[in-house]
Amino acid sequence: MASSRVDTINLRIWLVSIICAALSFINVTVYLIAINFPNLGFPCAYFEINDLKAVNLSANNQIYQMTHQLYINPVQIICYVLIMAMLFLLIIIYYIVCCAKVFSSNKTSNVNQTTRDITWMGDTSSCFQFILIMDTFQLFVTALSFRLVALGAFAYCIFFVCFTTFNVTLITQFQSADKSFFAFQKIHPNLKGTVQFKTVVINLTELMLGYSTMFLGITTCLGVGNSIYIRSITVAYSSINTFLVMACIYSIVIEAVLVRYVKPLFGYYVGMFCGAVGLSFPILQYETFFESEWSTGLIINLAVIAIISIGFIICRLVRYLVKKKRRYKQLVNTESSSLMDENE
């Protein structure tokens, strides 16, 4: 049976959105590679936004240009940008594989089968959200290169919102868990193999979302600390506390809502733990530079975040295994039980 008109239109729109996402990925990838080389139009190295080793307070008071707050070191920034680029590549590969699978299995007797497959795999709205993620991330890196920390903080907040929306869309497609499970049962049999691929993609995006939560706290407070007069130690504590509050809120939402759609959601908690561990190294440099007596308190706060993340990992593992081993109980036959009562 030929595809319906609705399926044909949705498939073409979806294909155009995937092509746009692929072109945006190529643009962002070339940009992220070019920004690492000097004399290509970028004034500063984006990864040296807070290089404490390059600051010499005894000569020319170089710190007056920008207040150096708590931030991750250049190596961590480069690794973060590189991993995000690899995640973008993985998502593009996922969409291309899904598109190829749908095209190879669009001949079916079911009406609007292609539309149901596209909706469950990742529809046009998720593709354009993915484009917004890449564009806002590119804007964030550009702002760091130009030392516009306030603009960089704003761009990263927009990126984080888009990243969160994309994760929620990829998991739920903005429908109830019952409708999502029903749509999963109705997808084409040839697409069953992409379910595991989608689960891997979701967990990796959740992992980077957890690490990006830490990045959100330190980037936002870096912009605030360079926009208004505020003590550096207050900015440092605000960064960690923002990370803690946001991570707890996201973890509760995952355990209360999102696990009804995808059971093995461990990625965010792992990223949360990696963020706490990764931020501990800059704190040691921060202590050496400022000779701060507050570093112990900062480390304790990070330890609390790490313990909470481990607790959520254990909680998710226990709930996943218990749910997996749960079996249906045999229903009691009310008619036979009533007959037995009468005989007695």
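Cβ from N, Cα, C; glycine included.
According to Swiss-Prot, the topological domain 'Intravirion' annotation covers 1-12 (among others), on the basis of sequence analysis.
Among the features that Swiss-Prot reports, transmembrane segment is placed at 13-33 (among others), with the record citing sequence analysis.
Residues or ranges marked as topological domain 'Virion surface' by Swiss-Prot on the basis of sequence analysis: 34-76 (among others).
The annotation transmembrane segment is assigned in Swiss-Prot to 77-97 (among others). Within its own chain, the transmembrane segment (77-97) has Cβ neighbours under 8 Å at 18, 21-22, 25, 28-29, 32, 36, 46-47, 49, 122, 127, 130, 133-134, 137, 141, 144, 194, 197-198, 201, 204-205, 208, 211, 215, counting only residues six or more beyond its boundaries.
Annotation comment: Swiss-Prot describes 98-125 (among others) as topological domain 'Intravirion'. Across the topological domain 'Intravirion' (98-125), the prediction's mean pLDDT works out to 78.
The annotation transmembrane segment is assigned in Swiss-Prot to 126-146 (among others).
Nonlocal intrachain contacts for the transmembrane segment (148-168), taken as residues 6+ away from its ends with a CB within less than 8 angstroms of a stretch CB, comprise 49, 66, 126, 129-130, 132-133, 136-137, 139-140, 174, 202, 205-206, 208-209, 212-213, 215-216, 219-220, 222-224, 226-227, 258. According to Swiss-Prot, the feature transmembrane segment maps to 148-168 (among others).
What Swiss-Prot lists as topological domain 'Intravirion' is 169-203 (among others), and the listing cites sequence analysis.
Sequence-distant contacts of the transmembrane segment (204-224) (same chain, at least 6 residues past either end, Cβ-Cβ under 8 Å): 49-50, 69-72, 80, 83-84, 87, 90-91, 140, 149-154, 156-157, 159-160, 163-164, 166-167, 170, 230, 235-236, 238-243, 246-247, 250, 254, 265-276, 278-279, 309. Sequence annotations record features per position, and here Swiss-Prot assigns transmembrane segment to 204-224 (among others).
Taken through DSSP, the topological domain 'Virion surface' (225-238) splits into 8 helix, 0 strand, 6 coil. Annotated topological domain 'Virion surface' per Swiss-Prot: 225-238 (among others), in sequence order, evidence recorded as sequence analysis.
Listed as Cβ neighbours of the transmembrane segment (239-259) (distance under 8 Å, sequence separation of 6 or more from its ends, same chain) are residues 69-70, 168, 171-172, 206, 209-210, 213-214, 216-218, 220-222, 265, 268-269, 272, 275-276, 279, 298, 301-302, 304-305, 308-309, 312, 315-316, 319. Residues or ranges marked as transmembrane segment in Swiss-Prot (evidence: sequence analysis): 239-259 (among others).
The topological domain 'Intravirion' annotation in Swiss-Prot covers 260-263 (among others).
For 264-284 (among others), the entry in Swiss-Prot reads transmembrane segment, with the evidence type sequence analysis.
The annotation topological domain 'Virion surface' is assigned in Swiss-Prot to 285-293 (among others).
Residues 70, 210, 233, 236-237, 240-241, 243-244, 247-248, 251, 255, 266, 269-270, 272-273, 275-277, 279-280, 283-284, 286-287 of the same chain sit 6 or more residues outside the transmembrane segment (294-314) yet have a Cβ under 8 Å from a Cβ within it. The annotation transmembrane segment is assigned in Swiss-Prot to 294-314 (among others).
Annotation comment: Swiss-Prot describes 315-344 (among others) as topological domain 'Intravirion'.
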When secondary structure is assigned with DSSP, how many helix, strand and coil residues does the topological domain 'Intravirion' (260-263) contain? 1 helix, 0 strand, 3 coil
